[in-house]
Amino acid sequence: MFLRSLLVLLFFVVAAQRSLADDGYRLWLKYDLIPDAGLRKDYQKAAGVIVSKGSTPILKTAAGELQQGLQGLLGQSVPVVSASKKGQGTITLAVDATANVSGQPLGKDGYSISTRSGNIVVTGQSESGVLYGAFALLRQMQTRQSLKDLALTSSPRIQYRLLNHWDNPNGTVERGYAGSSIWKWYELPERLDPRYQDYARANASIGINGVVINNVNASARYLTPEYIEKVAALAGVMRPYGIRVYMSVLWAAPKVIGGLSTSDPLDPKVKQWWTDRTNEIYKAIPDFGGFLVKANSEGEPGPQDYGRDHADGANMLADALGQHDGLVMWRAFVYKANSNGDRFKEAYQEFKPLDGRFKPKTLVQVKNGPIDFQSREPFHPLFGAMPRTPLVLEVQITQEYLGFATHLVYLAPMFKETLDADTYANGQGSTVAKVVDGSVDKHAISGIAGVANIGSDRNWTGHPMGQANWYAFGRLAWDHTLSAQAIAEEWTRLTLTTEPRAVRTIADVLVRSRDIYVRYTTPLGLHHIMGQSIHYGPEPWLASSARPDWTAVYYHKADAAGLGFDRTEKGSNALSLYRPEVQRQWQDPKTCPPDYLLWFHHVGWNQQLSTGRTLWNELCTRYYTGADSVTWMQQQWAAVQPQIDPELHADITGRLQTQRKEALWWRDACVLYFQTHARQPIPAPFAPPARTLDDIKRLVMIYQLR
Ligand code: BDP
């Protein structure tokens, strides 16, 4: 009997402990009781009642989120009332169309949080502004800041802040590494997975206000009445969070599902078809956001199939949108297979001449760099080159070329590198960020898009640290002036621990992780040398593929003389696409920053670099020190163990072990392969790899077996 009771007791103890484990589902929206009783008391005094001035859906969301958060943090019930009684300790939520900061309007989504006569007031010019303010106030407490004399204001610098899902109707996610799609198309519209709402909460908390729900390699399904109804059900979940739903569309849809013989954008029947579809969508989803289009790119159909250009296509869709409040986002990710050309230049050559041709409410969506989401790219030369067209910056949050969900790589430093790059389009200081936010060319609309890293995994992103990338994208979309370091610290405190030393250690690992990844995979400006098709692991020897610009040798051009792609005027002259000020930074191999060197120059193996080493020695040094830095990351992570949930800690520890193993794999593959061209020994103090190039080729082949 005694033994049985003991076993039962043990069961409950174990079960209770298990339920405490952090499975990552709550992301950064953790509202656990604040352990410091003194601080809790201060907060309790300031935040005892929520007064909501209004009961529209988004305001209700704001009050509900604030209530849920406060009750968790403070461990007491916090009522929501519609009018305040006299007394202290209220938080008032109110839309105020005249809200401003020192005479400057807050803007549609901006918020202000202030202390008035001892009470806290959260206002915005719109309900969404109030919602963002409510989340900001919660963040204040989650990161243990004071609530005394608050005077916080913030307005987003970019108007359309979108996640792009590359999710397919069959539940797979193109380049997704966190399980399958979170959208359950076969259950919609009748069953709404509770996860949809949690997804909306997370996005709203970081200011994301739009979601493209499906892959740019689009299925025509979404344009059928059956699927419009499903999308409408999702839109219904997003709406109270201030999030609009968008669709990627298949250019050939009029032929595929419309029974037409053509998809020519100038054909009246095609125009009518799109107008009808658009009207149908708006009937079901009155706040539908608009269309994203990948056309004449990587085999997708497009207007060029009919001798028309991208502007013809985009403008036809803009006409179809008509009076509806929606956008067309037309992607500039285009390139043709041409072994003699330079893929770097192709999007520029196709789109630059179209500047001025796009109708209002049409934006051109441009990837951060000219090739394809590599771990480091120079900024895309289209930024600053199309002053009459609003450009959406597209970055990839999912780590297609950055180690999937296995490698810890914090992407904010990479996003910042693009945002802060100076295009000199309108004199010094015309950064990509300012081109995108519309301030350089005085555009009324502005947008930014991140290809989502979200899937059905319990923790949403596969790698728990991948959550930081979703978070950082949202924060930078809101305010591109925030630093990668500040966002890393903020996310860590919200998500992992508030212990100051651990926060510093983890933020340090995060901030350095991207540079470390670049060193052990593609140092000195190498690019596109990853495994064919799967885009995982190294394959610098790849010399033949379905297209020349899908090989590795097309990009690194290693030979007996040296390494790198000459894009100066002696070579492809892609450099000439940039302003003279930018060209000057990169055109001379002696002064070109080492991080960009092989992007623009074919450099001799024995050429002395600004670092004091020869190219060969510098290359080896970066591969070896990069791989060794993963050991440093492991040590740092081990050091914070006492502050981190044990299961979560073990999860990341395991992933770091794989990362170290694969960093060595990258290192060995690349130094051994490039050595066949450089014909020099691995420089001291580094030990030559213990395995052969053939060993590694076998490894790579295993990963590519079907
Ligand atoms: C490439 C991906 C491919 C995408 C394409 C795109 O490998 O799966 O469809 O980008 O952005 O990097 O359209």
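Each residue, glycine too, has its Cβ placed from N, Cα and C.
As given in TrEMBL:
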SIGNAL    1-21  signal peptide
DOMAIN    27-137  domain 'Alpha glucuronidase N-terminal'
DOMAIN    141-460  domain 'Glycosyl hydrolase family 67 catalytic'
ACT_SITE  GLU298  active site, proton donor
ACT_SITE  ASP372  active site, proton acceptor
ACT_SITE  GLU400  active site, proton acceptor
DOMAIN    461-684  domain 'Glycosyl hydrolase family 67 C-terminal'
Message: Suppose you look only at the domain 'Glycosyl hydrolase family 67 C-terminal' (461-684); what would the mean pLDDT be?
response: 98
Distant-in-sequence Cβ neighbours of the residue listed as 'active site, proton donor', under 8 Å, six or more positions away: ASN217, PHE333
Message: For the domain 'Alpha glucuronidase N-terminal' (27-137), how many residues does DSSP put in helix, in strand and in coil?
response: 39 helix, 29 strand, 43 coil
Query: Just counting, how many other CB atoms are there within 10 A of the CB of ASP372 (active site, proton acceptor)?
result: 19
- prompt: According to DSSP, does the residue listed as 'active site, proton donor' fall in a helix, a strand, or coil?
  reply: coil
- request: Look up GLU400 (active site, proton acceptor) in the DSSP assignment and reduce it to helix, strand or coil.
  value: coil
Query: Just how many other Cβ atoms lie inside 10 Å of the Cβ on GLU400 (active site, proton acceptor)?
result: 22
Message: Please report the distance from the Cα of ASP372 (active site, proton acceptor) to the Cα of GLU400 (active site, proton acceptor), rounded to the nearest angstrom.
response: 10
